[in-house]
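Peer 1: Let me give you the structure first, and then I'll get to my questions.
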Amino acid sequence: MIRKAFVMQVNPDAHEEYQRRHNPIWPELEAVLKSHGAHNYAIYLDKARNLLFATIEIESEERWNAVASTDVCQRWWKYMIDVMPANADNSPVSSELQEVFYLP
């Protein structure tokens, strides 16, 4: 299993809306994530800095990257662009984090 972590941003006035949209996520999005080998996906909100910290375990980089090309992911990104900064393809602006410590 590959552990990943990344940081995204949320608009300052959209904390509650971001949480509402994720509680729960669309069932079809959950199904796509699971079918592409995603496990233990969690997102944490730093309200003071408007940051989202995400962790996930994936089975392979290829399967994880393939999620982006699915119809449901494309629709989700479009749904979220009013609550967080997005790239030109509507994907969330994000930065992958380097793991520096892990205690199994």
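Just so you know, glycine gets a Cβ as well, placed from its N, Cα and C.
According to Swiss-Prot:
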ACT_SITE  H22  active site, proton donor
BINDING   Y18, Y41, W76, W77  substrate binding site
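Tell me about the surroundings of these features in the structure.
Peer 2: All protein chains included, H22 (active site, proton donor) registers 13 other Cβ atoms within 10 Å of its own Cβ.
Following the DSSP three-state reduction, the secondary structure of Y18 (substrate binding site) is helix.
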Peer 1: If you count Cβ atoms within 10 Å of the Cβ of Y41 (substrate binding site), leaving out that atom itself, what do you get?
Peer 2: 15
Peer 1: List the other residues in this chain whose Cβ sits within 8 Å of the Cβ centroid of the substrate site residues Y18, Y41, W76, W77, in sequence order.
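Peer 2: The surrounding set, listed in chain order, is R21, H22, I25, L29, Y79, M80, P92.
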Peer 1: Hey, of the binding-site residues listed (W76, W77), which one tops the CB count within 10 A?
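Peer 2: Answer returned by the neighbour count: W76.
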Peer 1: Sorry to bug you, but what's the C-alpha spacing from H22 (active site, proton donor) to Y41 (substrate binding site), rounded to the closest Å?
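Peer 2: Their Cα atoms are separated by 12 Å.
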